[in-house]
Each structure stands twice: as C-alpha cells, then as structure tokens.
Amino acid sequence: MDILSVRGASVIMNCSAYCETPPKIEWKKDGTLLNLVSDDRRQLLPDGSLLINSVVHSKHNKPDEGYYQCVATVESLGTIVSRTAKLTVAGLPRFTSQPESSSVYKGNSAILNCEVNVDLAPFVRWEQDRQPVFLDDRVFKLPSGALIISNATDTDGGLYRCIIESGGTPKYSDEAELKILPDPEEPQNLVFARQPSSLTKVTGQSAVFPCVAVGFPTPYVRWTRNEEELTTEGSERFLFLAGGSLVISEVTEEDVGMYTCIADNGNETIEAQAELAVQVPPEFLKRPANIYAHESMDIVFECEVTGKPTPTVKWVKNGDMVIPSDYFKIVKEHNLQVLGLVKSDEGFYQCIAENDVGNAQAGAQLIILDLDVAIPTLPPTSLTSATNDHLAPATTGPLPSAPRDVVATLVSTRFIRLTWRTPVSDPQGDNLTYSIFYTKEGINRERVENTSRPGETQVMIQNLMPETVYVFRVVAQNKHGPGESSAPLKVATQPEVQLPGPAPNIRAYANSPTSVTVTWETPLSGNGEIQNYKLYYMEKGQDSEQDVDVAGLSYTINGLKKYTEYSFRVVAYNKHGPGVSTQDVVVRTLSDVPSAPPQNLTLEVRNSKSIMLHWQPPPAGTHSGQITGYKIRYRKVSRKSDVTESIGGTQLFQLIEGLERGTEYSFRVAALTVNGTGPATDWISAETFESDLDETRVPEVPSSLHVRPLVTSIVVSWTPPENQNIVVRGYAIGYGIGSPHAQTIKVDYKQRYYTIENLDPSSHYVITLKAFNNVGEGIPLYESAVTRPHSVPDPSPMMPPVGVQASILSHDTIRITWADNSLPKNQKITDARYYTVRWKTNIPANTKYKTANATTLSYLVTGLKPNTLYEFSVMVTKGRRSSTWSMTAHGTTFELVPTSPPKDVTVVSKEGKPRTIIVNWQPPSEANGKITGYIIYYSTDVNAEIHDWVIEPVVGNRLTHQIQELTLDTPYYFKIQARNSKGMGPMSEAVQFRTPKAESSDKMPNDQASGSAGKGSRPVDIGPDYKPPLGGSNSPHGSPTSPLDSNMLLVIIVSVGVITIVIVVIVAVFCTRRTTSHQKKKRAACKSVNGSHKYKGNSKDVKPPDLWIHHERLELKPIDKSPDPNPIMTDTPIPRNSQDITPVDNSMDSNIHQRRNSYRGHESEDSMSTLAGRRGMRPKMMMPFDSQPPQQSVRNTPSTDTMPASSSQTCADHQDPESTTGAYLANAQEEDSAQNLPTAHVRPSHPLKSFAVPAVPPAGSTYDPALPSTPLLTQQAPNHPVHSVKTASIGTLGRTRPPMPVVVPSAPDVQETTRMLEDSESNYEPDELTKEMAHLEGLMKDLNAITTA
C-alpha cells in the first residue's frame, strides 16, 4: 500500500510470494530493477520485504520517492509482479497561513487557521498557553490543520499556536489570542465563519465538511443531502460535531451528492453547499484463469475490472509488458488474445488495472502441452510446473497419413477456403477430424483452425491480412492422435482497395432557426488523397435523405425547417470510391416565432356578458418551437382602436367575460413561443345577447327547410325556430342516400344556408336539419332531394374476368384465380388496372359481401370460417371503366376442430327412474365441421383430473343421452366435448345435478316411456283385465253393432278381391308398355312429375310427391317416437332395407293383432289444428312389415287431404248424421275377418317410388265440417295398451309428424283412388293414363252400387 514518510525515517515495504520452489524476489522502482547487492541504504529482508534506511529527501534530490514493485521469479515457471506502491516523502515544514487573534461571543464558535503542506497536515498539533489541546467533539482539528472551538466558554480564552512535528525539530507558528466576549445586548447578523467546500474522496476514507456559523442568538445548524434531511440516528458513519460540522467515515459510492449546511437562529436562515465525489480503486469483476493449451491454438485470458475513474488495463507476461501485435491482441476492451501459441508463450500473464486512486493485479498461468497429451477438462487452479506427468497420454494405434491435394478453392482479401482429399491410410475418412495450421510466410508462429465435424474436408480461414502470403498445412487426427502433415501450401491473399475510413469528430450545431453547421476532421485511414466529402442530412422521422458535395471540412446548410431535428453524416471519397460513413449526429434547429396562426377559431356566445373562444394549434411544422401560450386580442367592432389583450396558457379555449350586452366584438388569437408572438388569425366577430336567453331546454324545430339539388351538390337553406327565447348555438345538417344519418355537418347559429358537396349524381338523398344548444339537439326537420344526372355518358364497361376458380388451401384460406380476356395472350398486366374480389357466405342469409383489391390474376382470401361454403366473383377496373361481376365460383373451406364447446347443457332425471338421468345439449356454436359424435364426462368430484372422470361416448349428432345406474342423492358434474373429423373440441363448463333421494313408487316401464307420441302425452293405465275384442266390429259412429250377415261379408270380400285384381292388371300393363322415343320419355317424365291425376269428383290437380325413393333406401321408423322436430332417443336400431328386417314366426296372429291394436295417434292439439288446416297435402302410406311379405296388409282409408267436398257428401249418406262432429280414435280395433282381406305385396326387388299414407287426426280432436275434406269413419276405441311397431315410411320427406297406420273399415263405401306404382324407367302418354283412370273409376262405381244394394 502507499506510504507517507518523512526525511530520515526508515520504511519497510512488504512482499511475499508462495510456490513449491522458493521464488527469487527482486524489486523495481519506477519500472527499473534495483541493484540491492551494492546498496548500503536499501536491503532485501529474508521474507522478501524491502527496507529503506534513513529516507533521503531534499529539494533537488529525491532518490527514494517513487513507485515500487515486487518481482517474484521461479526458474521453471516464470515471473509475476506485484501491484505498485507509492512512497511519498513529506517536504520541509512550512506554514501557508498562521492563526490570528480573534474574539468570539460566549456560546458561539471560533476558528484558528493553520494551513500547512498537504502531506504534513497529519503532523500538526495545537497548544493553548503552551499546553497541548485535547481534541473532542467540541474542540476538533480539520484535515487541513485548522482548529475549531464550538460553544465557546471562558476557559477557551488564551494564546494558541500550532506545531509541525515531522520527525525533526518541531516548527511552531505564531501565537494568536482568543478572547471570549459576553452575550451582546442586540442581535448580531448570522454569517458563516467557515463554509464547507467540495471534496473528492476515495472509498474507505473519511470526509469532513466544516460548517461554522456565528451570530446572536446562537444559531442551530442542520444538514441535507440532495435536498433530503440528513440524520445521524441509526448511522455509525455520519457524525455531527458540536457547532454543526459534518464527518462521514468510510465513505461509499452511495454517499455521493450535494450536501447543504443550513444555519438558523430564529431571526434569519443562511445556507452553504458542497459536493462530495467518491472515487473507487480498481476492482476485478472477473479474474484471468489458468489455461492448458497445445501449440498453434488460440487462447483468450479474460479480465473484467471496474473502478471510478474507469481503470486502464495493461497485460504483463513474466513481468514484461505485453505489446499488442498481430498475435497478441486486446479484445473486448480488457481481454488478452494470443493467436498461434508457441512454446515460448508459456508463463505467467497478469492483468494490471490502474486509475488515479489505486491499482490492482490478477494473474494466470499458461501451460503448453505436447500434442500427444490430452487437454484436461479443468484448468490448473494454482501455479503449476509445465510437466505432463499427471496427464494420461492418448491411446496408441495407427495414425493417419497426410491429407492429399490441399488446394485453395477461394481466395479473397481477408479469407481463404481450403479443400483436400482424405489420407491414403483412411480413404473413407468418416471418423477423421482435421487441423489446419497456417502462418505468415517468414514467421514461425503457427495458428490452428479445426474442422467443425468429423469427415469434413474443407475449411474457411478468416481474419487474414490483405496482400499477404500465408503458408498452410493440414493434419488429420483419429482416436489415436494426429497423423502426418501435408506438404506446405503457399497462398497470397488478394490486395484490398483502401477506402477512406469514417471522418472523425463530426459535430453539428444550429446557427439559426433555419441553418446548421457541420464540421469534421480528415479520416485517419485510407491510402490515396481524399478528393471530396459528401454530407448527407435528413429530417428526423422522414425516410428521404438529401446530400451535398463538400470540398472542405465544414459546411453550413440553410433553408431547414425551424425547430426541427435533423440527422447528419459524412462520407469521404478517394480515387477508389466512397469510404465508411460516420455515425449520425442529430441536432435541432433553433426555435422561432410560429410561422402560422392558430386554426379553426370559433366563437360561442354564452350569455349577454361572456363569449367562449375555441381554436386549434397552428398546423404541424409551423410551430417553430414549443408553444408556450396564446395571446387573445379583442375589441368592440364600433371602436376598433380600443384593443384588449389577454395571454393564456397552452389550453385551446378561453372564456372572455365582462362584456357589454347586445354588443358585437371581434377576436383574434396568436400563438406564443419563447421567441415571441406568431401571426394572428383573422378578426372574427360575435355579438353578445341583448338579454340572457333560455338554455334549460333544447331548441324547437326550425321553421322551414328548403333544398335545391344540383349534379354533385345540394344547396340547403332554412329559417330559425319561431321561438326566439331559446338559445340556438348552431344547426346540425345530416344527409345520406336513403338515410340522413350517414354524414353530419354542424354550422354556426347565424348561418342560414349550406351547400353539401361531393354527392353522387342521380341519387336520392334524405336531409335532416336540427337546431342545437348546450343542452342538446332539437326536433329534426326532414327533406329529400334527387341529385341531377351526370351529363357526361359513362364509359363503356370492361369485359368481366373469366374462368374464376376457387382453390381451397386450408380451413380459413382460399385462393381465387381468374383470367382477363382484355389482356394479351400472355396475361401480362402492363397498365394501371386492378381487380376487385368479393366473397360472402349464405349462412346466415343476410351476410354482406367483403371485398379486396388485387393487381395480379389471383388473390388469397384469408380469415374465412371453417367448413363454410363461400361464393366468389371478380370485377376489373381501369381508370373510370369497370366491368360487371364475373360468374361466381364456389368453395367450401376445410373442416377444423370445434372451437367452442356444446352449449345449453341440461341434466334432468328420467321420470319414474330416479337412478337414470337424461343429458341434453345443443351443438357447438362453432362446430367447424360435421359433428361425428360427443363425449360425456361425469364425476362426483368437480376438481378431479379429467382422466378420472367417467366417459360416455355418443355416436352421431344426437343431442341427448341416457346415463343409468347412478347413485341416489348424489351430486354429479357433467361436461360435454364435441368432435368432428378433425378432432376434439373444448369441453363445456361443468353442470351440476343431484340425483333424487329415493326411488319413486309408481315406476313407469321403459316401453311406456317411449310409447308416448306427443309432448305431454302419457299412456293410459287400462288395467290388467283388458282383452281386445276378437269378433266384433265398431260402427262408423263409434257404437257397437251386431255382426254383418254372411251375405254382405261375402259381397265385400269378392268386391275387394276384384278391385285388387284390376289394380294388379293395370300395373302389369303399365310396366310392359314403354315408348322408345327419347322426346316422349322427356315429356312423360315431366308429366310424371308435374302432371295431374284425376280423382273421383275432383277436377283439381294434385302435385305428386317431391321425393322418389328406391326401396333399397327405405328407412324403418319407430311408430312410437315423439313428433318433436328433432327426433331423439331412438333406442331401437333402424333397418336400412327390407332384407334387414328380422324374420318372425309365421303363426303369430296374436302378435299381429297386438300390433294392430297398438296404432295410436297421440298427437298434440296444435298438431291436429295443423293437419286440419292443410290443403292438397300429398297422401302417405305407412306399411307394417312382417316377416313374410304376402301376409302384409295395407289398410287404406280415404285421404283427408285430397278428397273433395263432394266426396264428403257421398260418405255422409251412409253414416249417422252425428258422425260429422263425432270423435275419432286412431287406435282402430280390428275384426278377425280383416286378416283375410286381399293384401298388397311389396317385393324387395321392386323399385317403389312414392307411397304415401294420410296422417290421422289425434284422439279427442274434433273435425270441423266446414272444411272441404272427408270426415274419417268414426270408431269406438276403448283404451288399449301401447306397443312399439316398426314401420317403413316411404316418401315422408322428413315430416315431423309420425306416420299413423290406418285400416280399411268394414263399411261398404271404399272411395280410395289408388296412386299408381311406376317402374323407375317407365313413362306413359297422358291419354293412356287418362283412359286407364277412367276405367278404374267405372269399376269403383260398380262396387259402390253393389255395396249400397
């Protein structure tokens, strides 16, 4: 550490070094080794310390003062040096100022000066009356030597002198008398006897801020640091001495700041300030580490230091300074890089950091190993001999031969690429790595570069010098070690064109608001004379740069914008071209007065004595500085000379009050900067109200509104509201095509007309006018006008694009391509035309088109919805000409996983089965594709991991599911997840449901639960004793009758048989006759779809069914399912064709009988009203399928939809008159004889087309006789048990009503007109069809005559 000594004293400087081999210790003074052998005054102590006897120091001879450094050397390792220590010898004692006699009031503070050499200040002491003064908090010595006595008492009076004792004869100052005065009667001014002065200290030192104030009353002194009160409580480093001085011990960087001494005696306060700066000796953040390396490698010693001021770093190798060169480089500020190691580089390297207040050193050892010795993973931790004994040698084995054909395939100025072939010893070379050794020609220091991966036979050598010859050789390595070296290859790098470097010290400063001067110096690098410079400048925030050629080293640019930032840079040019640009320097031009007035000045008359002004700042770019305020000038219009000024802040409004009522005033506003006032606005006038009007309500409607349309504008004029007592602040004009809310314009209350510009010709505009004030807008007045047509004819339209195609790329992206016939054949666009693509989806139907413009023949439409059909069309525009929209192209985006969960999840308990619940839900709002199933998760713990929940899969798009065997009185949580072909969507929120507490006593059977055909309908409990009647029949009136006699029954059977035979014959004839003419086929096909069929007593055409279905696609639908629009919970599987029906036993009359009795029509009343109100509905036929088709009966009843009113009358002739209003029960009770009726047989191979069955009214419904339809035969229907029946519905077209089977009644009036069954390829002429129908009607008339006889 640094030492302060005095002349003649002895000094010891410590030094110690440790090593296995005792080191040799030497000393340097000011960088030169001391010869201590022949020196009798300086000697080396056994521990390595330096002893200097009797320090010599005089004015002209200072042999011992200087910087000392200890050097330790170990012969086989190297040398290290210590940090430097400074020896300072105090000079001859002398006084720069001596104490002077003074007086002090009792209780005040006194100062006795004694200024000496700075280095002798520690040797100063004081005497009072020739006796030593004992120092404490009240009496203390400053570092300069001065003595401060605070809170003076009578005992402090006397003679004082200071003494310098520096080892020789003491030197005494003059004596000074200090007198103690009694308290004065009058107050004395408060003044500083000693003020604090700024200090610079090193961390760890003490800082003393003297602060001595005198006056009467006695002052009290306090301190602040950076304007914060400073207290000594809780701090051992801050001390307030008596009298007010501040002592800071062991200062740190946190103590930096401005210290203020404040003296206060109650009458006045005075302050004094001093700044404390702290310096920090160098400290190491990262010390260099010991390194093992091989020759030719590159290594880096890292060294990171900190300090204040910033330390300088130098490197020492074995005690000698490292001079930077091509192979020893300082990188990253302080790190030392050694390139191409050689054996002589081995030794100790030390990083030495120095600044004004200290120095520090840290060292590391470099050990060079033989090439056949592996480098250890951990570096040596201490000074180690460079032996290889402790390192394991590589394994022995065959080494590779020399690489072949080493060539330089690429030679540049600063890099070379080398390639070679594998050695002869290893032609594959997959496991070989290569080291490339290179050096400058004539230098024996090689560097090495290794290939990056095994088997690689090329390398790029970078960071070379231009126009230099290098020698390269390549060595292959395998697991046994390095092999033979290739022959040396000499390659010369290319010469580099020397361009100028950046011009140093570029500076820019503003001369005026519109000019800037830029200066720079000549570039330091570059060969060739500088020819000229180019100065580039650009306004900050812009992207266009301007430049100017300059011959000298400065230039002034004029004509810049005021108070605007500009960036400047300079590029030097020589004969080779432009050099490196300087960094940008930014400067702002000086400010000036604004160059434009404020904008949009408006006046608002508040009442009879005040007017509110509103305005906007001057336009951007005209402020010329920071706007500091606005100056408002106003005057009466009648007295223009009397002007009043008002200066406001930066707000953009000002209320001018105290005006005279009913007086017109003019106003103008100007913006202010620090440079002055800018131009003012024009004078704008407003008149105060004569009397204060009412503004507690909105204005009334304007009294009139007139419009005058032109081609592209409409002139609007109006008159104010009739009630002039309500304040009107202005008028709001709204206008638009078809709606007045598209645009709104507000005008001043004085205005009475306005011209609406930029309108479309020949367009219908609606215009509205409203008066407004501060309360709001009044009632509007409406008017409409049609602008005049444009006189210039529209240019001819262009041809629309053709061949529009939509290519689906993803779930949200479709590429639209097209061709343009108005382009050349190569479809190259050379003019300014552009294309507009529009697209929309029809779901929902009211979606609007979206459009985008393109300048090529394709466009990528993104942001579409997944699994959605879009339509696209394109139009072309060139100038004012546009085409019509092209033909549309369609595309459906790909599916995406659902992005929203199923919604409206509800859980209800199944009626009568408390352990079974029904989960209902709705599909996700964002299904993004066809839903293929759902997964229901349920658990009793809502916080359980999802893999612990029970899973119930639901296949298809069903929206309900039953879960059975749940625990009673238990809360369950349910979540649902939807899936489509792309994957699973998110889960819904958990829904809680608690199962009932106990099983109900009236449990309902499963089959009853599914037998209900309508909402709210329940099966009727008919008791166990019910037996269906087997032999009886029901009358049409619903009352039991006696059986028909056998003759009548025989006639019915024969007649029905005859009809059946006739129908079969007609069908056979139709099926065998076909036309061969293609034109007839088409005509017949149209007739079969749109032609009319004649029914008995009905001339009205009835359209055939819309849908033709082959028998292979028939679906079996359960008769007992609900008529809801969404049929659900179909527990019974549905066969897809007749082959899928499970055969049953032939002798199952009772089952057939039960099925027939199970046909019930439980439908809601709203379904009945819907049925009764329909007209012309297609008939349906519902056919129960048994195992053997020949026994399958079709029992036909006249259709209620298609029978005319005249048929009703015929039927009524054979019924009780009450039957027209009687109730009809749909569950028909059937007699035994009905089993022997003729049956309609449907063969599985026959392609059926449009069978249909009439829907039957529900039980309990009443027919309205006024409707033109046939009342169905009324039968009495006792309560029957409900059974499930599978039926095949043909041609139902997805109707929500379940098909009801009907029976042929035993009454003799059969009025059904049979709809013909047609083969899928048969077509007939209308006259043939009419002839056959007429024949059939004749047979039916004969049947009626027989049955009525």
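Cβ coordinates are placed from backbone N, Cα and C, and glycine is handled just like the others.
In TrEMBL, annotation is done automatically, which means it is predicted and not curated.
Here TrEMBL flags 996-1005 as compositional bias 'Basic and acidic residues'. Annotation comment: TrEMBL describes 1032-1041, 1135-1151, 1188-1219 as compositional bias 'Polar residues'. As annotated by TrEMBL, domain 'Ig-like' applies to 1-88, 93-179, 187-277, 282-367. Taken from TrEMBL, the feature domain 'Fibronectin type-III' covers 402-496, 502-592, 597-691, 701-794, 800-896, 901-998. Taken from TrEMBL, the feature region 'Disordered' covers 985-1041, 1082-1104, 1118-1219, 1231-1282. Residues annotated as transmembrane segment in TrEMBL: 1048-1072.
With respect to Cβ pairs under 8 Å, the domain 'Ig-like' (1-88) is most closely packed against 282-367, considering the stretches 282-367, 402-496, 502-592, 597-691, 701-794.
Between the domain 'Ig-like' (282-367) and the domain 'Ig-like' (93-179) there are fewer than 3 Cβ pairs closer than 8 Å, counting only pairs 6 or more residues apart in sequence, which means the two stretches are not in contact. Taken through DSSP, the domain 'Ig-like' (282-367) splits into 3 helix, 52 strand, 31 coil. Listed stretches 93-179, 402-496, 901-998 were compared with the domain 'Ig-like' (187-277); the greatest number of C-beta pairs under 8 angstroms is found for 93-179. Look at the domain 'Fibronectin type-III' (597-691): DSSP puts its residues at 0 helix, 50 strand, 45 coil.
In terms of DSSP secondary structure, the domain 'Fibronectin type-III' (901-998) contains 3 helix, 54 strand, 41 coil. Mean predicted confidence for the domain 'Fibronectin type-III' (402-496): the pLDDT average there is 87. In terms of DSSP helix, strand and coil, the domain 'Fibronectin type-III' (402-496) has 0 helix, 49 strand, 46 coil. Residue counts for the domain 'Fibronectin type-III' (800-896) under DSSP, helix first, then strand, then coil, are 0 helix, 47 strand, 50 coil.
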